[in-house]
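Q: Would you mind keeping the following structure in view while I ask a few things?
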Amino acid sequence: MADTKYIFVTGGVVSSLGKGIVAASLGKLLQARGFNVALQKFDPYINIDPGTLNPYEHGECYVTEDGHEADLDLGHYERFLNTPTTRANNITTGRIYQNVIRKERKGEYLGKTVQVVPHITDEIKRNVKLLGQKSQYDFVITEIGGTVGDIESLPFLESVRQLKWELGQNCLCVHLTYVPYIAAAGEVKTKPTQHSVKQLQEVGIQPDILVLRTEHELQPDILKKVALFCNVAPDSVVQSVDVPTIYEVPLVLQQQHMDETVLRKVGLQVGPVPEMRQWHEFLEMKHTARETVTIALVGKYVELQDAYKSIDESLMQAAIYNRKKLNLISVHSEKVTEANVAETLKDMDGIVIAPGFGSRGVEGKLIALKYARENDLPTLGICLGMQCMVIEYARNVLGFKDANTTEIESNIEHKVIDLMDEQKTVTDMGGSMRLGAYDCALRKGSKLAAAYGKEFVRERHRHRFEFNSQYREAFEKAGMQCVGENPETGLVEAVEVPACRWFVGVQFHPEYNSTVVNPNPLFMAFIREAIKTRKKDKE
């Protein structure tokens, strides 16, 4: 295809409507038609990236293959399209301003007064076009974070306005709004959508397609009314009714021919219907699963739905491919005690010890790990979860009662988890961890190697602290094996206890490499062991 097509997804009325899911779903439909699709997210906050944001503020921090800390929507993009993202797929206001100020300091603006228009907007447009200029993508779908009317979003919307003018038919705007149902009146209200579109029009953007989020199916007369008052063709008004799982959204949009509407508007032939066989099979497995596997996720942010989003989705995908429903039980690690751990975990088929930072909730994780190990409950530790496995084993098996990570306590004898050497001179907090994909050599014959079916893997990381290799021999003799290491540095990446059914910890984040059509083998193996445990306990 000669020219890259650019699609912008904006949102109105309220936030958290699911712009990322709509963007990913549309991208999936276009990809299924044979097009190469890139998805990117523009976030209007002034942070350079979300790496230093509290999960309570922003949910999960996603990590890309090339080591960029990114918005959790990039996780949706990868899970839907099964293609990796990079630093170029997530841009913030902070990044834009940082680039512009750096150019100003270098004298690239030749003494001109640096302003929002044109300098900030030009930098935004440059980043929008960056992926398209690589000439490998037919479509670039850009999600604009925030809600129309937010002051933070204005430079991005102005950039979209300019691009729609410059690109002509090669550019269109999809606007997602909310149509509330008023129970007292027994009817839906379209006025918020009308006002949202009016706000968009006031900044010079006429949406080409409207997607209406709603709890109840909208009647044709409502859709026609929205089309009339929002200046949009009737066949360009799409409704997105609440569905049991986000993975049904592509099919909901396909049933209303949204992908065909997009193709016609950008001047392309509609062609054959998308090839969605594997997607349908995935949903069929989900809907027909009868038995349940129950997994406890032990972490300190579990009350926030998006804090461990990629882990939640990876477990769900693995359960579905193992023909089971996932019953995920959130266990707040701060509330786990010696007195209640047995009651809390006794009905679990397996537990996952979540990643994180800091001391809060760590003791609860250690108590949960001791119970799981002693009761042979399948356990997967991720990042800090693996480090907690090492600490628990050191205290209760090796007898190192003061064992800890120096992230929490440095004035101890047994520093079984310590700051990485290359991190000891780092002073900045943002973007300075060990980030991105690294190779890991797996020990032949280990449970981890069996899970992956190979002896070398490449997974993503986000950490500053590591297993202290001075203790490696002591752990090996005591029964905890170091079964994964970086082939270049010797850094221990994974541990397991062979005497247990499944007691495996990994320093990396396998959840960032798990998609709808390609679930991560580690989660698949963990869920299989949990299912076996469930069956054995029933016998």
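Heads up, the Cβ atoms here are built off N, Cα and C, so glycines get one too.
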Q: Have a look through ASP73, ASP122, ASP138 and flag the one Swiss-Prot assigns to the ATP site that SER16, LEU17, GLY18, LYS19, GLY20, ILE21 belong to.
A: ASP73
Q: Write down the Cα-Cα distance for TYR56 (L-glutamine binding site) and LYS189 (UTP binding site), rounded and given in Å.
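A: Each residue's Cα considered, LYS189 (UTP binding site) and TYR56 (L-glutamine binding site) end up 31 Å apart.
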Q: Using C-alpha positions only, work out which of the binding-site residues SER16, GLY20, PRO192, ARG464 is nearest to GLU143 (Mg(2+) binding site).
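A: Nearest listed residue in space: GLY20.
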Q: Looking only at GLY18, GLY20, PRO192, GLY385, the binding-site residues on record, which one has the least crowded Cβ, with the fewest other Cβ atoms within 10 Å?
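A: If we count Cβ atoms within 10 Å for the binding-site residues GLY18, GLY20, PRO192, GLY385, the smallest count is at PRO192.
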Q: Just checking, which of LYS19, LYS189, LYS191, LYS225, HIS509 (recorded positions) has the fewest C-beta atoms within 10 Å of its C-beta?
A: LYS191
Q: When the Cα-Cα distance from LEU17 (ATP binding site) is computed for each of the binding-site residues TYR56, THR190, GLN387, which gives the smallest value?
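A: If we rank TYR56, THR190, GLN387 by Cα distance to LEU17 (ATP binding site), first place goes to THR190.
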